[in-house]
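Inspection log for the structure reproduced underneath, given as C-alpha coordinates.
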Amino acid sequence: MIIFCFVGPAYQITLKSPVTGTLALSVFTAVLGSLEFGYNIGVINAPQKIIEEDYNATWVHRYGQPIPTGTLTSLWSLSVAIFSIGGMLSSFCVGFISEWLGRRKAMLINNLFAFIGGSLMGLSKLCRSFEMMILGRFIIGAYCGLASGLTPMYVGEIAPTSLRGALGTLHQLAIVTGILIAQILGLESLLGSEDLWPVLLGLTVVPTVLQMSLLPFCPESPRFLYIIRCQEHHAKSGLRRLTGRQEVGDMLAEMKEEKRRMDMERKVSIAELFRSPLYRQPVVISIMLQLSQQLSGINAIFYYSTSIFMKAGVQSPVYATIGAGVVNCAFTVVSLFLVERMGRRTLHMLGLAGMCICAVIMTMALALLDSVPWMSYISMLSIFGFVAFFEVGPGPIPWFFVDLCGPYVFLIFAALLLFFLIFTFFRVPETRGKTFDQISANFHQRSAGGMMDMDMDMDMDKPSTELDYLGEESIN
(Lines of atoms letter the chains of each structure in order from A; the text may use other names.)
(Lines give C-alpha, C1' and ligand atoms only; values in the text may rest on other atoms or scores of the structure.)
Protein backbone atom coordinates (compact mmCIF):
# COMPACT_ATOMS: atom_id res chain seq x y z
CA MET A 1 0.00 0.00 0.00
CA ILE A 2 1.36 3.43 -0.90
CA ILE A 3 0.49 6.10 1.61
CA PHE A 4 0.20 9.69 0.37
CA CYS A 5 0.85 11.65 3.53
CA PHE A 6 -1.03 14.92 3.16
CA VAL A 7 -1.06 15.12 6.94
CA GLY A 8 1.67 13.99 9.25
CA PRO A 9 4.53 14.97 11.47
CA ALA A 10 6.27 18.25 10.87
CA TYR A 11 9.55 17.32 12.46
CA GLN A 12 12.23 15.80 10.25
CA ILE A 13 15.06 13.43 11.14
CA THR A 14 17.85 13.03 8.64
CA LEU A 15 18.51 9.79 6.80
CA LYS A 16 21.61 9.29 8.91
CA SER A 17 19.55 9.07 12.10
CA PRO A 18 19.52 5.49 13.37
CA VAL A 19 16.33 3.55 13.94
CA THR A 20 16.40 3.36 17.71
CA GLY A 21 15.15 0.47 19.78
CA THR A 22 12.34 2.64 21.11
CA LEU A 23 11.19 3.57 17.61
CA ALA A 24 11.32 -0.06 16.46
CA LEU A 25 9.42 -1.23 19.54
CA SER A 26 6.80 1.48 19.15
CA VAL A 27 6.17 0.76 15.47
CA PHE A 28 6.05 -3.01 16.06
CA THR A 29 3.63 -2.61 18.94
CA ALA A 30 1.37 -0.29 16.96
CA VAL A 31 1.14 -2.53 13.88
CA LEU A 32 0.03 -5.45 16.02
CA GLY A 33 -3.35 -3.76 15.74
CA SER A 34 -3.06 -3.91 11.94
CA LEU A 35 -2.11 -7.59 12.15
CA GLU A 36 -5.24 -8.26 14.18
CA PHE A 37 -7.29 -6.24 11.69
CA GLY A 38 -6.08 -8.43 8.81
CA TYR A 39 -6.54 -11.62 10.81
CA ASN A 40 -10.20 -10.83 11.46
CA ILE A 41 -10.75 -9.99 7.79
CA GLY A 42 -9.51 -13.41 6.66
CA VAL A 43 -10.45 -15.69 9.55
CA ILE A 44 -14.16 -15.98 8.81
CA ASN A 45 -13.91 -17.37 5.25
CA ALA A 46 -12.26 -20.80 5.57
CA PRO A 47 -14.52 -22.32 8.27
CA GLN A 48 -17.78 -21.01 6.75
CA LYS A 49 -19.43 -24.40 6.15
CA ILE A 50 -18.41 -25.71 9.56
CA ILE A 51 -19.74 -22.64 11.36
CA GLU A 52 -22.98 -22.86 9.39
CA GLU A 53 -23.33 -26.49 10.52
CA ASP A 54 -22.84 -25.34 14.09
CA TYR A 55 -25.54 -22.68 13.63
CA ASN A 56 -27.85 -25.45 12.43
CA ALA A 57 -26.96 -27.65 15.41
CA THR A 58 -27.74 -24.77 17.77
CA TRP A 59 -31.07 -24.20 16.05
CA VAL A 60 -31.96 -27.93 16.33
CA HIS A 61 -30.97 -27.90 20.01
CA ARG A 62 -33.28 -24.93 20.65
CA TYR A 63 -36.24 -25.62 18.40
CA GLY A 64 -36.00 -29.33 17.55
CA GLN A 65 -35.85 -28.87 13.78
CA PRO A 66 -33.23 -27.86 11.16
CA ILE A 67 -32.73 -24.19 10.53
CA PRO A 68 -34.49 -22.85 7.40
CA THR A 69 -32.12 -22.18 4.53
CA GLY A 70 -33.08 -18.51 4.30
CA THR A 71 -32.56 -18.02 8.03
CA LEU A 72 -29.17 -19.70 7.89
CA THR A 73 -28.12 -17.51 4.97
CA SER A 74 -29.28 -14.40 6.82
CA LEU A 75 -27.46 -15.36 10.01
CA TRP A 76 -24.22 -16.09 8.16
CA SER A 77 -24.46 -12.91 6.10
CA LEU A 78 -25.02 -10.94 9.30
CA SER A 79 -22.04 -12.65 10.94
CA VAL A 80 -19.81 -11.51 8.07
CA ALA A 81 -21.26 -8.07 7.34
CA ILE A 82 -21.67 -6.87 10.91
CA PHE A 83 -17.87 -6.75 11.18
CA SER A 84 -17.86 -3.95 8.61
CA ILE A 85 -20.76 -2.19 10.33
CA GLY A 86 -18.87 -2.13 13.63
CA GLY A 87 -15.77 -0.84 11.87
CA MET A 88 -17.66 1.85 10.00
CA LEU A 89 -19.34 3.18 13.14
CA SER A 90 -16.18 3.22 15.25
CA SER A 91 -14.10 4.81 12.50
CA PHE A 92 -16.15 7.99 12.87
CA CYS A 93 -14.81 8.27 16.44
CA VAL A 94 -11.09 7.99 15.62
CA GLY A 95 -10.43 11.75 15.55
CA PHE A 96 -12.33 12.49 18.75
CA ILE A 97 -10.91 9.55 20.73
CA SER A 98 -7.33 10.10 19.57
CA GLU A 99 -7.39 13.72 20.79
CA TRP A 100 -9.33 12.99 23.97
CA LEU A 101 -7.22 10.06 25.18
CA GLY A 102 -4.07 10.47 23.12
CA ARG A 103 -2.79 8.06 20.50
CA ARG A 104 -1.15 5.55 22.82
CA LYS A 105 -3.88 5.41 25.47
CA ALA A 106 -6.56 5.15 22.76
CA MET A 107 -4.81 2.07 21.33
CA LEU A 108 -4.48 0.61 24.82
CA ILE A 109 -8.16 1.01 25.66
CA ASN A 110 -9.22 -0.12 22.20
CA ASN A 111 -7.77 -3.53 23.02
CA LEU A 112 -10.65 -4.07 25.42
CA PHE A 113 -12.94 -4.30 22.38
CA ALA A 114 -10.67 -6.92 20.82
CA PHE A 115 -10.49 -8.94 24.02
CA ILE A 116 -14.27 -8.90 24.53
CA GLY A 117 -15.00 -9.62 20.85
CA GLY A 118 -12.48 -12.46 20.63
CA SER A 119 -13.77 -14.02 23.84
CA LEU A 120 -17.38 -13.91 22.65
CA MET A 121 -16.49 -15.58 19.34
CA GLY A 122 -14.27 -18.18 20.98
CA LEU A 123 -16.95 -19.18 23.51
CA SER A 124 -19.94 -19.10 21.13
CA LYS A 125 -19.80 -22.83 20.32
CA LEU A 126 -19.45 -23.83 23.96
CA CYS A 127 -22.42 -21.65 24.91
CA ARG A 128 -24.46 -22.78 21.85
CA SER A 129 -25.09 -19.16 20.91
CA PHE A 130 -24.76 -17.75 17.41
CA GLU A 131 -25.82 -14.43 18.98
CA MET A 132 -22.47 -14.39 20.82
CA MET A 133 -20.71 -14.99 17.52
CA ILE A 134 -22.53 -12.13 15.80
CA LEU A 135 -22.03 -9.75 18.73
CA GLY A 136 -18.35 -10.72 18.90
CA ARG A 137 -17.93 -9.95 15.20
CA PHE A 138 -19.54 -6.54 15.71
CA ILE A 139 -17.27 -5.69 18.65
CA ILE A 140 -14.12 -6.91 16.93
CA GLY A 141 -15.19 -4.84 13.93
CA ALA A 142 -15.43 -1.79 16.18
CA TYR A 143 -11.90 -2.53 17.37
CA CYS A 144 -10.62 -2.79 13.78
CA GLY A 145 -12.33 0.46 12.79
CA LEU A 146 -10.47 2.33 15.51
CA ALA A 147 -7.21 0.46 14.90
CA SER A 148 -7.30 1.25 11.18
CA GLY A 149 -7.15 4.95 12.07
CA LEU A 150 -5.08 4.95 15.26
CA THR A 151 -2.25 2.74 13.99
CA PRO A 152 -1.20 4.74 10.88
CA MET A 153 -1.78 7.97 12.83
CA TYR A 154 0.59 6.97 15.61
CA VAL A 155 3.21 5.45 13.28
CA GLY A 156 3.09 8.48 10.99
CA GLU A 157 3.61 10.89 13.87
CA ILE A 158 6.55 9.08 15.51
CA ALA A 159 8.30 8.14 12.25
CA PRO A 160 11.17 10.23 10.85
CA THR A 161 10.10 12.10 7.73
CA SER A 162 12.70 10.21 5.69
CA LEU A 163 11.23 6.86 6.78
CA ARG A 164 7.57 7.82 7.03
CA GLY A 165 6.58 6.10 3.77
CA ALA A 166 8.46 2.87 4.55
CA LEU A 167 7.21 2.65 8.13
CA GLY A 168 3.72 3.58 6.99
CA THR A 169 3.79 0.60 4.63
CA LEU A 170 4.20 -1.68 7.66
CA HIS A 171 0.53 -1.01 8.44
CA GLN A 172 -0.51 -2.63 5.17
CA LEU A 173 2.13 -5.36 5.52
CA ALA A 174 0.72 -6.31 8.91
CA ILE A 175 -2.82 -6.40 7.49
CA VAL A 176 -1.95 -8.76 4.62
CA THR A 177 0.20 -10.85 6.95
CA GLY A 178 -2.76 -11.19 9.29
CA ILE A 179 -4.96 -12.28 6.37
CA LEU A 180 -2.36 -14.85 5.31
CA ILE A 181 -2.00 -16.22 8.84
CA ALA A 182 -5.78 -16.57 9.07
CA GLN A 183 -5.89 -18.39 5.71
CA ILE A 184 -3.20 -20.84 6.81
CA LEU A 185 -4.59 -21.50 10.28
CA GLY A 186 -8.06 -21.85 8.75
CA LEU A 187 -7.03 -25.00 6.88
CA GLU A 188 -9.06 -28.00 8.05
CA SER A 189 -5.86 -29.82 8.94
CA LEU A 190 -4.98 -27.05 11.41
CA LEU A 191 -7.68 -25.01 13.20
CA GLY A 192 -10.43 -24.97 10.58
CA SER A 193 -12.01 -28.17 11.89
CA GLU A 194 -15.35 -28.84 13.54
CA ASP A 195 -13.84 -28.89 17.01
CA LEU A 196 -11.17 -26.21 16.72
CA TRP A 197 -12.82 -23.36 14.80
CA PRO A 198 -13.66 -21.53 18.07
CA VAL A 199 -9.92 -21.52 18.84
CA LEU A 200 -9.28 -20.09 15.36
CA LEU A 201 -11.64 -17.18 16.05
CA GLY A 202 -10.60 -16.68 19.67
CA LEU A 203 -6.90 -16.60 18.75
CA THR A 204 -7.34 -12.91 18.00
CA VAL A 205 -6.82 -12.15 21.69
CA VAL A 206 -3.14 -13.17 21.45
CA PRO A 207 -1.89 -10.01 19.64
CA THR A 208 -4.30 -8.06 21.87
CA VAL A 209 -2.59 -9.23 25.04
CA LEU A 210 0.85 -8.67 23.50
CA GLN A 211 0.01 -5.11 22.46
CA MET A 212 -1.46 -4.29 25.87
CA SER A 213 1.75 -5.58 27.48
CA LEU A 214 4.08 -3.53 25.25
CA LEU A 215 2.25 -0.22 24.89
CA PRO A 216 3.24 1.07 28.37
CA PHE A 217 6.87 0.95 27.21
CA CYS A 218 6.17 3.08 24.12
CA PRO A 219 6.23 6.89 24.18
CA GLU A 220 3.23 9.00 23.31
CA SER A 221 3.39 10.84 19.99
CA PRO A 222 5.56 13.96 20.53
CA ARG A 223 3.51 15.81 17.93
CA PHE A 224 0.31 15.10 19.87
CA LEU A 225 1.90 16.09 23.17
CA TYR A 226 3.16 19.42 21.89
CA ILE A 227 0.60 20.54 19.29
CA ILE A 228 -2.58 19.19 20.90
CA ARG A 229 -1.70 19.11 24.62
CA CYS A 230 0.93 21.89 24.70
CA GLN A 231 3.23 19.71 26.84
CA GLU A 232 6.65 20.77 25.59
CA HIS A 233 8.62 18.93 28.28
CA HIS A 234 6.93 15.58 27.60
CA ALA A 235 7.26 16.14 23.85
CA LYS A 236 11.02 16.67 24.24
CA SER A 237 11.30 13.52 26.31
CA GLY A 238 9.46 11.50 23.67
CA LEU A 239 11.62 12.89 20.85
CA ARG A 240 14.78 12.00 22.77
CA ARG A 241 13.61 8.43 23.30
CA LEU A 242 12.55 7.99 19.67
CA THR A 243 15.66 9.56 18.10
CA GLY A 244 18.33 8.65 20.63
CA ARG A 245 19.47 12.28 20.59
CA GLN A 246 19.67 14.65 23.51
CA GLU A 247 19.48 17.75 21.33
CA VAL A 248 16.06 17.86 19.66
CA GLY A 249 15.64 21.61 19.43
CA ASP A 250 15.46 21.62 15.61
CA MET A 251 12.60 19.11 15.58
CA LEU A 252 10.80 20.96 18.34
CA ALA A 253 11.21 24.23 16.43
CA GLU A 254 9.53 22.70 13.39
CA MET A 255 6.65 21.52 15.56
CA LYS A 256 6.38 24.98 17.05
CA GLU A 257 6.10 26.46 13.58
CA GLU A 258 3.45 23.92 12.65
CA LYS A 259 1.51 24.70 15.82
CA ARG A 260 1.74 28.43 15.12
CA ARG A 261 0.32 27.91 11.65
CA MET A 262 -2.40 25.61 12.92
CA ASP A 263 -3.43 28.15 15.53
CA MET A 264 -3.77 30.75 12.79
CA GLU A 265 -5.95 28.49 10.64
CA ARG A 266 -9.65 28.93 11.13
CA LYS A 267 -11.99 25.97 11.36
CA VAL A 268 -13.71 25.12 8.09
CA SER A 269 -16.90 23.21 7.36
CA ILE A 270 -17.18 20.19 5.08
CA ALA A 271 -18.84 22.37 2.43
CA GLU A 272 -15.95 24.87 2.56
CA LEU A 273 -13.47 22.06 1.90
CA PHE A 274 -14.95 21.69 -1.57
CA ARG A 275 -15.76 25.35 -2.23
CA SER A 276 -12.43 26.88 -1.27
CA PRO A 277 -9.61 26.62 -3.86
CA LEU A 278 -7.20 26.37 -0.93
CA TYR A 279 -8.59 23.00 0.19
CA ARG A 280 -10.31 21.66 -2.92
CA GLN A 281 -7.29 20.13 -4.62
CA PRO A 282 -5.96 18.03 -1.70
CA VAL A 283 -9.51 16.90 -0.89
CA VAL A 284 -10.23 15.88 -4.49
CA ILE A 285 -6.86 14.12 -4.76
CA SER A 286 -7.49 12.23 -1.52
CA ILE A 287 -10.92 11.13 -2.75
CA MET A 288 -9.58 10.03 -6.12
CA LEU A 289 -6.75 8.04 -4.55
CA GLN A 290 -9.24 6.30 -2.28
CA LEU A 291 -11.48 5.55 -5.26
CA SER A 292 -8.49 4.10 -7.10
CA GLN A 293 -8.19 1.61 -4.23
CA GLN A 294 -11.88 0.85 -3.83
CA LEU A 295 -12.60 0.45 -7.55
CA SER A 296 -9.42 -1.40 -8.51
CA GLY A 297 -11.09 -4.84 -8.55
CA ILE A 298 -8.77 -6.75 -6.23
CA ASN A 299 -11.66 -8.51 -4.51
CA ALA A 300 -13.04 -9.49 -7.91
CA ILE A 301 -9.72 -11.20 -8.57
CA PHE A 302 -10.02 -13.19 -5.36
CA TYR A 303 -13.66 -13.85 -6.17
CA TYR A 304 -12.66 -15.62 -9.39
CA SER A 305 -9.44 -17.21 -8.11
CA THR A 306 -10.91 -20.42 -6.69
CA SER A 307 -12.81 -21.37 -9.85
CA ILE A 308 -9.82 -20.43 -12.03
CA PHE A 309 -7.48 -22.59 -9.97
CA MET A 310 -9.95 -25.49 -10.16
CA LYS A 311 -10.17 -25.24 -13.95
CA ALA A 312 -6.38 -25.15 -14.10
CA GLY A 313 -6.34 -28.62 -12.53
CA VAL A 314 -5.26 -27.61 -9.02
CA GLN A 315 -6.48 -30.37 -6.73
CA SER A 316 -6.66 -28.13 -3.66
CA PRO A 317 -7.46 -24.61 -4.84
CA VAL A 318 -7.37 -23.36 -1.25
CA TYR A 319 -3.58 -23.76 -1.33
CA ALA A 320 -3.39 -21.76 -4.55
CA THR A 321 -5.44 -19.03 -2.87
CA ILE A 322 -2.93 -19.09 -0.03
CA GLY A 323 -0.26 -18.71 -2.71
CA ALA A 324 -1.97 -15.52 -3.81
CA GLY A 325 -1.85 -14.43 -0.18
CA VAL A 326 1.90 -15.08 -0.14
CA VAL A 327 2.29 -12.89 -3.25
CA ASN A 328 0.21 -10.29 -1.43
CA CYS A 329 2.64 -10.23 1.49
CA ALA A 330 5.79 -10.48 -0.61
CA PHE A 331 5.03 -7.46 -2.76
CA THR A 332 3.98 -5.43 0.25
CA VAL A 333 7.55 -6.00 1.45
CA VAL A 334 8.80 -4.93 -1.98
CA SER A 335 6.88 -1.67 -1.71
CA LEU A 336 8.34 -1.22 1.78
CA PHE A 337 11.82 -0.93 0.26
CA LEU A 338 10.80 0.98 -2.87
CA VAL A 339 8.53 3.64 -1.40
CA GLU A 340 11.31 5.99 -0.25
CA ARG A 341 13.46 5.31 -3.31
CA MET A 342 10.87 5.78 -6.03
CA GLY A 343 8.26 7.91 -4.25
CA ARG A 344 4.58 7.35 -3.56
CA ARG A 345 3.32 8.75 -6.87
CA THR A 346 5.65 6.68 -9.00
CA LEU A 347 4.81 3.42 -7.25
CA HIS A 348 1.11 4.24 -7.32
CA MET A 349 1.21 4.83 -11.06
CA LEU A 350 3.30 1.69 -11.59
CA GLY A 351 0.75 -0.33 -9.65
CA LEU A 352 -2.21 1.14 -11.54
CA ALA A 353 -0.55 0.53 -14.92
CA GLY A 354 0.38 -3.05 -14.04
CA MET A 355 -3.10 -3.81 -12.73
CA CYS A 356 -4.66 -2.32 -15.86
CA ILE A 357 -2.58 -4.58 -18.10
CA CYS A 358 -3.29 -7.64 -15.95
CA ALA A 359 -7.03 -6.85 -15.99
CA VAL A 360 -7.03 -6.81 -19.81
CA ILE A 361 -5.11 -10.09 -19.94
CA MET A 362 -7.47 -11.55 -17.34
CA THR A 363 -10.49 -10.63 -19.49
CA MET A 364 -9.01 -12.29 -22.56
CA ALA A 365 -7.99 -15.41 -20.63
CA LEU A 366 -11.37 -15.84 -18.95
CA ALA A 367 -13.25 -15.28 -22.20
CA LEU A 368 -11.17 -17.93 -23.99
CA LEU A 369 -11.00 -20.36 -21.08
CA ASP A 370 -13.49 -22.88 -22.47
CA SER A 371 -12.02 -23.01 -25.98
CA VAL A 372 -8.34 -22.69 -25.05
CA PRO A 373 -7.65 -24.79 -21.90
CA TRP A 374 -4.12 -23.49 -21.35
CA MET A 375 -5.55 -20.01 -20.85
CA SER A 376 -6.25 -21.06 -17.26
CA TYR A 377 -2.53 -20.81 -16.57
CA ILE A 378 -2.47 -17.33 -18.08
CA SER A 379 -5.36 -16.53 -15.75
CA MET A 380 -3.34 -17.73 -12.77
CA LEU A 381 -0.36 -15.61 -13.76
CA SER A 382 -2.66 -12.64 -14.23
CA ILE A 383 -4.07 -13.15 -10.73
CA PHE A 384 -0.63 -13.17 -9.17
CA GLY A 385 0.43 -10.18 -11.28
CA PHE A 386 -2.69 -8.22 -10.39
CA VAL A 387 -2.20 -8.90 -6.67
CA ALA A 388 1.49 -8.01 -6.90
CA PHE A 389 0.87 -4.67 -8.64
CA PHE A 390 -1.96 -3.93 -6.20
CA GLU A 391 0.36 -4.20 -3.22
CA VAL A 392 3.06 -2.19 -4.97
CA GLY A 393 0.57 0.55 -5.74
CA PRO A 394 -3.06 1.21 -4.77
CA GLY A 395 -3.32 -0.67 -1.48
CA PRO A 396 -6.04 -1.94 0.80
CA ILE A 397 -9.32 -3.76 0.41
CA PRO A 398 -11.80 -2.57 -2.22
CA TRP A 399 -15.30 -3.80 -2.87
CA PHE A 400 -16.47 -5.42 -6.04
CA PHE A 401 -19.45 -5.94 -8.37
CA VAL A 402 -19.12 -8.94 -10.75
CA ASP A 403 -22.24 -10.99 -11.15
CA LEU A 404 -23.80 -9.07 -14.06
CA CYS A 405 -20.63 -8.68 -16.12
CA GLY A 406 -18.88 -12.00 -15.59
CA PRO A 407 -15.26 -12.04 -16.77
CA TYR A 408 -15.79 -8.81 -18.72
CA VAL A 409 -15.94 -6.93 -15.42
CA PHE A 410 -12.17 -6.64 -15.70
CA LEU A 411 -12.58 -4.35 -18.70
CA ILE A 412 -14.44 -1.98 -16.38
CA PHE A 413 -11.61 -2.19 -13.85
CA ALA A 414 -9.04 -1.71 -16.63
CA ALA A 415 -10.78 1.48 -17.77
CA LEU A 416 -11.02 2.78 -14.20
CA LEU A 417 -7.37 1.97 -13.53
CA LEU A 418 -6.33 3.77 -16.72
CA PHE A 419 -8.32 6.83 -15.66
CA PHE A 420 -6.74 6.83 -12.18
CA LEU A 421 -3.29 6.41 -13.74
CA ILE A 422 -3.83 9.50 -15.91
CA PHE A 423 -5.19 11.47 -12.95
CA THR A 424 -2.19 10.56 -10.80
CA PHE A 425 0.22 11.45 -13.62
CA PHE A 426 -1.12 14.97 -14.04
CA ARG A 427 -2.56 15.98 -10.66
CA VAL A 428 -0.95 14.14 -7.72
CA PRO A 429 2.20 15.70 -6.19
CA GLU A 430 5.07 13.67 -4.80
CA THR A 431 5.33 13.76 -0.98
CA ARG A 432 8.53 11.76 -0.48
CA GLY A 433 10.83 13.33 2.10
CA LYS A 434 8.55 16.32 2.70
CA THR A 435 7.10 17.53 5.97
CA PHE A 436 3.49 18.57 6.50
CA ASP A 437 4.36 22.25 6.03
CA GLN A 438 6.11 21.55 2.72
CA ILE A 439 3.17 19.53 1.39
CA SER A 440 0.70 22.16 2.55
CA ALA A 441 2.77 24.99 1.02
CA ASN A 442 2.88 23.11 -2.28
CA PHE A 443 -0.92 22.93 -2.42
CA HIS A 444 -1.24 26.58 -1.45
CA GLN A 445 1.10 27.59 -4.25
CA ARG A 446 -0.75 25.47 -6.81
CA SER A 447 -4.15 26.74 -5.67
CA ALA A 448 -2.89 30.30 -6.16
CA GLY A 449 -2.39 29.50 -9.86
CA GLY A 450 1.34 29.02 -10.17
CA MET A 451 4.65 28.22 -8.56
CA MET A 452 6.45 30.86 -6.53
CA ASP A 453 9.89 31.97 -7.71
CA MET A 454 11.86 31.45 -4.57
CA ASP A 455 14.75 29.22 -3.64
CA MET A 456 13.54 27.42 -0.54
CA ASP A 457 15.48 25.13 1.73
CA MET A 458 12.36 22.99 1.84
CA ASP A 459 13.05 22.05 -1.81
CA MET A 460 9.60 23.20 -2.84
CA ASP A 461 10.87 24.67 -6.12
CA LYS A 462 11.29 21.20 -7.59
CA PRO A 463 8.56 20.04 -9.97
CA SER A 464 6.19 17.68 -8.17
CA THR A 465 4.04 16.07 -10.86
CA GLU A 466 5.02 14.41 -14.11
CA LEU A 467 3.46 17.32 -15.98
CA ASP A 468 5.74 19.72 -14.11
CA TYR A 469 8.76 17.54 -14.94
CA LEU A 470 7.86 17.52 -18.61
CA GLY A 471 7.47 21.29 -18.52
CA GLU A 472 10.88 21.68 -16.92
CA GLU A 473 12.48 19.47 -19.56
CA SER A 474 10.90 21.47 -22.41
CA ILE A 475 12.23 24.71 -20.92
CA ASN A 476 15.70 23.25 -20.59
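Quick reminder: no glycine exception, Cβ is built from N, Cα and C everywhere.
Copied over from TrEMBL, here are the features:
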{"type": "DOMAIN", "residues": "26-476", "note": "domain 'Major facilitator superfamily (MFS) profile'"}
{"type": "TRANSMEM", "residues": "75-96", "note": "transmembrane segment"}
{"type": "TRANSMEM", "residues": "108-126", "note": "transmembrane segment"}
{"type": "TRANSMEM", "residues": "132-155", "note": "transmembrane segment"}
{"type": "TRANSMEM", "residues": "167-185", "note": "transmembrane segment"}
{"type": "TRANSMEM", "residues": "197-218", "note": "transmembrane segment"}
{"type": "TRANSMEM", "residues": "283-306", "note": "transmembrane segment"}
{"type": "TRANSMEM", "residues": "318-339", "note": "transmembrane segment"}
{"type": "TRANSMEM", "residues": "346-368", "note": "transmembrane segment"}
{"type": "TRANSMEM", "residues": "374-393", "note": "transmembrane segment"}
{"type": "TRANSMEM", "residues": "405-426", "note": "transmembrane segment"}
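Same-chain residues lying 6 or more positions outside the transmembrane segment (75-96) and placing a CB less than 8 Å from one of its CB atoms are 40-41, 44, 48, 51-52, 55, 67, 113, 130, 133-134, 137-146, 148-150, 153. Packing against the transmembrane segment (108-126) from elsewhere in the chain are residues 33, 36, 54, 90, 101, 132-133, 135-143, 146-147, 150, 197-199, 201-205, 208-209, 211-212, 215-216: each is 6 or more residues past its ends and has a CB under 8 Å from a CB in it. Confidence over the domain 'Major facilitator superfamily (MFS) profile' (26-476), given as mean pLDDT on the 0 to 100 scale, stands at 77.
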